[in-house]
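> Structure in structure tokens, see below.
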Amino acid sequence: MAKQEDVFKKVVSHAKEYGFIFPSSEIYDGLSAIYDYGQNGAELKNNIKQYWWKAMVQMNENIVGIDSAIFMHPTIWKASGHVDAFNDPLIDNKDSKKRFRADVLLEDYCAKLEDKAQKEIEKAAKRFGDSFNEEEFVSTNPRVLEYRQKQKTILERLAKSLTNNDLADVKSLIEELEIADPDTGSKNWTEVRQFNLMFGTKLGAASESATDLYLRPETAQGIFVNYLNVQKTSRHKLPFGIAQIGKAFRNEIVARQFIFRMREFEQMEMQYFVPPGTELTFYEEWKQKRLNWHLALGLGNENYKFHDHEKLAHYANAAADIEFKFPFGFKELEGIHSRTDFDLSAHEKFSGKKLQYFDNERNESYVPYVVETSVGLDRLFLAIFSNSLKDEVLEDGSERTVLSLPPALAPVKAAILPLMKKDGLGEYAEKIFDDLKFDFNLIYEEKDSIGKRYRRNDAIGTPFCITIDHDSLVDNTVTIRDRDTMKQERVAVADLRRIIDEKVNFRTLLSQI
Ligand code: GAP
């Protein structure tokens, strides 16, 4: 089995074993691509939301946050283009009866070509050592050039076929490249068809009068239809932004890779309303701001890259993804889109209500343009979780598994561990717990050896373990152990709040953006 798959398997099993993520409805054998967050997962997820909300809403004077309903008027999805164009091209394998996204089969083929190019580069880097000039190598090596040119040709043809809705050509491309079902090797494919990703449901009790609704496939439309309400009540001038965190639903054709692609997931989106003609400047600005926000997490700058879109969605005049190096390769984490005035203009047309802004400086009314930043909360969770999970061999040869989460995001900030329950140690530890619980999420554990308790807390990413022993009763000091360095220090109980806070406070994280 490939190493990448081993790493990913470990991520999935660790998430389950330590109460982060469970398959939904597991006792009924689960539901495909739906997951529940357990006690530690819910905390980590909430902390990620806080990091986003504080950076987006609290730290930007001209951005406000809302919470709109999941159910929305069905005409909204007609106006937004989702009824007609929110499709994925699907293809079935006639032998395995498995369903695939035709574009993903082609993109995966290109990713393999890129892997081959990377291997050539790595080989050359080893061969030439310090004198290796990567830039020169990639622009002259015939094999690297060939792999890259082939990818470019395929992706350009795919983008053109999808734009022209030429699905027969997408199938021809799959056949020409002899792409097979990755699991069975069969090349016996059906035609490529479009498949709408929205889930439908009904509003109302009587079947004859019930209205057809959709579960929202993005949170953004809840922002657009509230644009005027928010602008008027907040009295913000352009440019200003509206942010929202909430659930979205998509009937994904291929929903593998754990919480990377789910059918029910959460998005953290922000729409930035700007005067027409300025949108591309703000688009570049937000690309950089969002990248900086990710980099501040300290997961490694080399794990992020931009991918500028060749094929633009029906609403965009520029778009890019921030990609992250997941255990299965670089994939989209966040999208930044310049959405023009498409959405607001469409809602004006379909609702018959004016959604204009009067610009005092320009002395004119217009429909604002929009730059959007949209990140999947679950995908971000997976990025942070998988990157933080490490197996370490210690100096004495023993091993530990540690989840080195950014401390502000850790589900539990400190574990309060009396060496034993008796001799008054339990009571003393409970007092410390009761004092610190107003500031931090803590756990109290008195079972098992201290070593085992340390390991359990390392595995859920607890930044500090605080051990109470007999000396604590005499001199009011405890041992505090740092998750990452494993160093233990004797400190006064009175200093605990300050020591923990310095490390886990959101300020420490936010000030690095
Ligand atoms: N409002 C724009 C929009 O929804 P998108 O690129 O379709 O754009 C934005 O989605 C982000 O939402 C993606 O970058 C990804 O992080 C997340 N996302 C999309 N589909 C997802 C799914 N099925 N499961 C988990 N996250 C998803």
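Residue numbering: from 1, along the chain as shown.
Using N, Cα and C of the backbone, Cβ positions are placed for all residues, glycine too.
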> Based on TrEMBL, name the residue from Glu146, Glu218, Glu323 that is recorded for the same substrate site as Arg101, Phe265, Glu266, Gln267, Met268, Glu269, Glu372, Thr373, Ser374, Val375, Gly376.
Glu218
> Where ligand 1 binds, which of the binding-site residues Arg250, Arg261, Thr373 are close by, with Cβ under 6 Å?
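Among the binding-site residues listed, those whose Cβ sits under 6 Å from ligand 1 are Arg250, Arg261.
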> Using only C-alpha positions, which one of Glu252, Arg261, Arg263, Arg379 is spatially nearest Glu269 (substrate binding site)? These are the binding-site residues in the record.
Arg379
> Taking Cα atoms as reference points, rank the binding-site residues Arg101, Phe265, Thr373, Val375 by distance from Leu333 (ATP binding site) and give the first.
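Of all the candidates listed, Val375 is nearest in space.
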> Compare all C-alpha positions of Arg101, Glu218, Phe265, Glu266, Gln267, Met268, Glu269, Glu372, Thr373, Ser374, Val375, Gly376, the record's substrate binders, and send over the largest distance in angstrom.
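The widest Cα-Cα gap among those binding residues is 26 Å.
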> Among all protein chains shown, how many Cβ atoms are found within 10 Å of the Cβ of Thr373 (substrate binding site), not counting that one?
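Other Cβ atoms within 10 Å of Thr373 (substrate binding site): 24.
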> So of Arg101, Arg250, which of the binding-site residues has the fewest other Cβ atoms within 10 Å around its own Cβ?
Arg101
> Quick one, of the binding-site residues Glu252, Glu269, which Cβ has the fewest other Cβ within 10 Å?
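Least crowded of the binding-site residues Glu252, Glu269, by Cβ count within 10 Å, is Glu252.
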